[in-house]
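Visitor: Not my notes, these are from TrEMBL:
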ACT_SITE  A:Thr190  active site, nucleophile
BINDING   A:Thr153, A:Lys179, A:Thr190, A:Glu276, A:Asn400, A:Thr405  substrate binding site
Number of protein chains: 2
Amino acid sequence: MAVGPGTLPEFFPVAGIKLGIASAGIKKPGRKDIVVFELAPETRVSGIFTRNQFCAAPVLVSRKHMAESAPRYLLINTGNANAGTGEPGLKDAMACCESLASEAGVTASEVLPFSTGVIGEPLPVAKITGALPDALAGAREDRWAEAAAGIMTTDTRPKGASCQIELDGHRVAISGISKGAGMIRPNMATMLGFIATDARIAPDVLANLASELGEKSFNRITIDGDTSTNDACMLMASGRYSGPEITADSPLLPPLREALRQVYLELAHAIVRDGEGATKFVTIDVSGAASQQEALDVAYTVAHSPLVKTALFASDPNWGRILAAVGRAGVDGLDLNALEIYLGDVCLVRDGGRAGDYSEARGQAVMSREEITIAIDLKRGDVRETVWTCDFSHDYVTINAEYRT
Amino acid sequence: MAVGPGTLPEFFPVAGIKLGIASAGIKKPGRKDIVVFELAPETRVSGIFTRNQFCAAPVLVSRKHMAESAPRYLLINTGNANAGTGEPGLKDAMACCESLASEAGVTASEVLPFSTGVIGEPLPVAKITGALPDALAGAREDRWAEAAAGIMTTDTRPKGASCQIELDGHRVAISGISKGAGMIRPNMATMLGFIATDARIAPDVLANLASELGEKSFNRITIDGDTSTNDACMLMASGRYSGPEITADSPLLPPLREALRQVYLELAHAIVRDGEGATKFVTIDVSGAASQQEALDVAYTVAHSPLVKTALFASDPNWGRILAAVGRAGVDGLDLNALEIYLGDVCLVRDGGRAGDYSEARGQAVMSREEITIAIDLKRGDVRETVWTCDFSHDYVTINAEYRT
């Protein structure tokens, strides 16, 4: 199951960013399971990584390499997460980097490794390195759609977003792909995102964009509350467009930020729409909070409540479950008599109980939709936060009970 | 589904505590949905209530009445939680207390109301008060088994525990019943527990026992992470036994506490065993923690992880999911190389990765059992906490997607 059509967009090639795809046969013979990004010299890269305490070997190696060198290659494999693999896992990740570096004529620290798949199995290094010549030989700027398919694991469909804008007469392309369907939650998920643009962006601005846009998109989606050991979301800027470098006070920055923001949101939402077993795309919008922390506490408590999620699956406007989740979010002194809860445009809760003008028929009408917004106004302040999630269905249990078996 | 046989024990009557059961037809005609506890004068009562910010009307009224008077009656209805009902809900709860008080010749503040069922529907007061004469007329000390059945909602079976001990030659009876199967989580759940003894216990000791024993049993179980607005766990001591009052320094206190503790644990575990859709009873045992908070953070993060819970349902020793859950528990500075994770007696994780002597066959053997312990030694300190949970099955989704429809 998945929500919405989920067709891939037309991808605008990004000058200076080539993609190679190959088959290493990690889990299934013949499956495309290796994607390589080849970045033109001068490309600037920034990113965010999982905050899971036990981050995987490739995350540790990527962080180290980014501190040492300007990346020239990103190497992504599916089918094996190289996580929970201890010291041998680090050596394996390094061996893959070294092999790619030697094949491509760069140094190992110019290669960033990314892995996704089952935790705790040794990485099949020979299979991966054996596929690298093929991936490098075929690297081209027009292979985004194949790359989107090449990074899938339990995803039911590839995920991509792309746009082209003009900044003061200079054409800028932005393209991105993402993957992830389970173990999705802020900070982060079995989630990989790769976004590239040909704009030239000052390093500090690029770092801010990568962190700010990742925070408000990939770090605001949740499917099951679990966080993977492997997540990463990378922003690459090749600088090949015809315009000037974009600095913090550049008038070109706001429109570029907005275009990037849309691509980030589209890629993050695509993960929720393809959430394991998802039949609904749900926006949880908390306003009137006294702090960001309490807004997020309420939003995530509702978003993670299995009772709310199963009610969403059943299209049951069981507003008592939403109210109970808000009440247990750990926010002290909530005023039940002040707060309001809406399902779409229908008020569920007002004046301390069910809204006077509420009817099951009106609630049911909203619940039957495929896209639903739950809006909670705490009436305590002016902070607002939005998170996105999906419902909890039989298929979620089936997928996760049968994933390895 | 439910774990284990779950047959009711033989109940020892508790002198001074009578139980009346009646049918008010709140949800289904003929169903026993009213239980009344009639407490002999001098009975002392202490209890713990939900910490949900939006506690239900009966919780507010019970708390108020306990502050005003020594309780003589407990009035429990199923089929309607009288929660999210605002000011009218408070009036309805009071109306039930007044009706019972007038029928029994006591004052309304000597009656404690308890409600469980659907949130947000008006309490059918006339139906409840209409059943009270019947409940009072039939009150006897030997109706514990019927009372256990009378407080059920989505429970698949009644829950009770009972024992008799001798304290310095004086026979003491302890009997209890509980209910709850979903929306179960510490602080507390759609969970009701009523435990009575004929021991005479000093008020401060009784209050400590109610709080301490409730904390380590009912507040350590979790099924789906949701917390109800209505939960309560009451401890009643009629004082009718032949021994002396038990004070804080009485040598009779430790054996009494231990007997009560066993009854509390049995009642709390019975709720987990009957967890909605449960096929496994799971003990999460976190040791070597530097603080109680971090021990509980790790334990609940593992216990609530849908990925861990679906793996338990599938009997899949997917230890990577356990490791990832520990890693995202929000405990800073965890040392992956030091910690150890066991599944039953099989070591899963040691020295930063999968234990050298681990094999899928050994993990599988433990996972196939109906009762499973996941033990996590953080190797940071000497604090230990245990929580109990169940797995996450297709039936959980079915039950919660269809509860109201």
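Think of each number as a place in line: the chain as shown, counted from 1.
Glycine is treated like the rest: Cβ placed from N, Cα and C.
Just so it is clear, the model here is predicted, and its values are computed rather than measured.
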Visitor: Taking the Cα atoms as reference points, how far is A:Glu276 (substrate binding site) from the residue listed as 'active site, nucleophile' in Å?
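Guide: Approximately 12 Å lies between the Cα of A:Glu276 (substrate binding site) and that of the residue listed as 'active site, nucleophile'.
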Visitor: Starting from the Cβ of A:Lys179 (substrate binding site), draw a 10 Å sphere and report how many other Cβ atoms land inside it.
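Guide: For A:Lys179 (substrate binding site), the count of other Cβ atoms within 10 Å is 28.
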Visitor: Quick test of understanding: given the recorded positions A:Thr153, A:Lys179, A:Thr190, A:Glu276, name the ones whose C-beta is under 8 angstroms from chain B.
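Guide: Correct list: none.
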Visitor: Which has the fewest other Cβ atoms within 10 Å: A:Thr153, A:Thr190, A:Asn400, the recorded positions listed?
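Guide: So among A:Thr153, A:Thr190, A:Asn400, the recorded positions given, the one with the fewest Cβ atoms within 10 Å is A:Thr153.
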Visitor: In whole Å, note down how far the CA of A:Asn400 (substrate binding site) lies from the CA of A:Thr190 (active site, nucleophile).
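Guide: Cα-Cα distance, A:Thr190 (active site, nucleophile) to A:Asn400 (substrate binding site): 14 Å.
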Visitor: According to DSSP, which of helix, strand or coil covers A:Lys179 (substrate binding site)?
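Guide: Its secondary structure by DSSP: strand.
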Visitor: Taking the Cβ of A:Glu276 (substrate binding site) as centre, how many other Cβ atoms lie within 10 Å?
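Guide: Total other Cβ atoms inside 10 Å, all chains included: 29.
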Visitor: Through the lens of DSSP with three states only, how would you label the residue listed as 'active site, nucleophile'?
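Guide: Reduced to three states, the DSSP call for the residue listed as 'active site, nucleophile' is coil.
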